[in-house]
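The block underneath contains the structure these notes are about, expressed in structure tokens.
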Ligand SMILES: CC(=O)[C@@H](O)[C@H](O)COP(=O)(O)O
Ligand SMILES: NCC(=O)COP(=O)(O)O
């Protein structure tokens with residue numbers, strides 16, 4: 001059964017639009033835990049447009065009684081600022097993304113060519129030494145699996161933004177197959193397989209069906225939008241159920 005990690009970025013984004021602390025990220029973290037999420041994901045970007053460094057330390061303290069079963073997944077680019085934060089917090093999982101500092105969002109995975117492999121390998125070595133599961137954010141392409149192994153990662157997160165766009169356009173068959181093939185190859189190699197980006201209650205079920213052995217989906221943007229209608233707890237229950245298959 002695939003697990004749901006709720007991404008709190010958009011709660012923090014709304015919070016940052018005023019100086020009142022509303023909505024309270026800690027409150028929505030507690031509600032997510034109570035509603036049956038399996039973990040929380042945050043992406044403390046360099047510009048702190050949403051999740052701030054202080055949020056990460058607050059969530060580390062808040063989640064401690066619930067961990068390690070309820071996992072903390074921290075995403076980010078492995079620059080010194082980020083790696084120092086991870087060394088302090090030591091989350092159960094760290095998902096490395098190749099985002100430039102001012103990236104609009106995470107919209108592509110690591111290619112792990114000569115220009116990226118050294119950085120990835122070094123960061124992964126540090127993560128593993130610290131006890132954080134090292135995950136690489138990659139595009140749905142079976143050819144990337146051998147390079148992920150070469151980098152020493154323990155798993156992948158498939159970038160599903162392209163798949164979500166294909167679903168909107170009714171042309172998802174090719175990307176769904178690519179996700180399934182990449183998942184099967186990664187699982188055969190002993191890698192954990194996660195998914196994330198623009199997943200929602202419509203595009204999730206066929207993806208789950210196409211990816212036997214899927215471990216986790218980290219979902220924030222569309223879940224938060226759905227919560228404006230359904231409520232936060234009900235939205236989380238529905239996404240967790242969709243992942244349970
Ligand atoms: C890696 C990924 O797809 C998301 O986890 C990412 O956190 C989205 O970032 P924004 O919420 O800043 O768009
Ligand atoms: N890794 C994906 C994630 O954490 C949330 O992505 P999104 O659902 O906000 O697009």
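The backbone N, Cα and C atoms fix where each Cβ goes, and this holds for glycine too.
TrEMBL does not curate its annotations; it predicts them automatically.
When TrEMBL records 45, 50 as binding 1-deoxy-D-xylulose 5-phosphate, the matching candidate from 105, 122, 160 it lists for that site is 105.
Take the 3-amino-2-oxopropyl phosphate site that TrEMBL assigns to 7, 18, 220, 221: the candidate from 47, 198, 202 listed for it is 198. For ligand 2, the nearby recorded positions are 197; that is, of 18, 105, 197, these have a C-beta under 6 Å from one of its atoms. For ligand 1, the neighbouring recorded positions among 18, 105, 157, 198 are 105, by Cβ distance under 6 Å. In the three-state DSSP reading, residue 75 (active site, proton acceptor) counts as strand.
For the 1-deoxy-D-xylulose 5-phosphate site, whose binding residues are given in the record as 45, 50, 105, the maximum C-alpha distance rounds to 12 Å.
Taking CA atoms as the reference points, residue 45 (1-deoxy-D-xylulose 5-phosphate binding site) and residue 221 (3-amino-2-oxopropyl phosphate binding site) are 16 Å apart.
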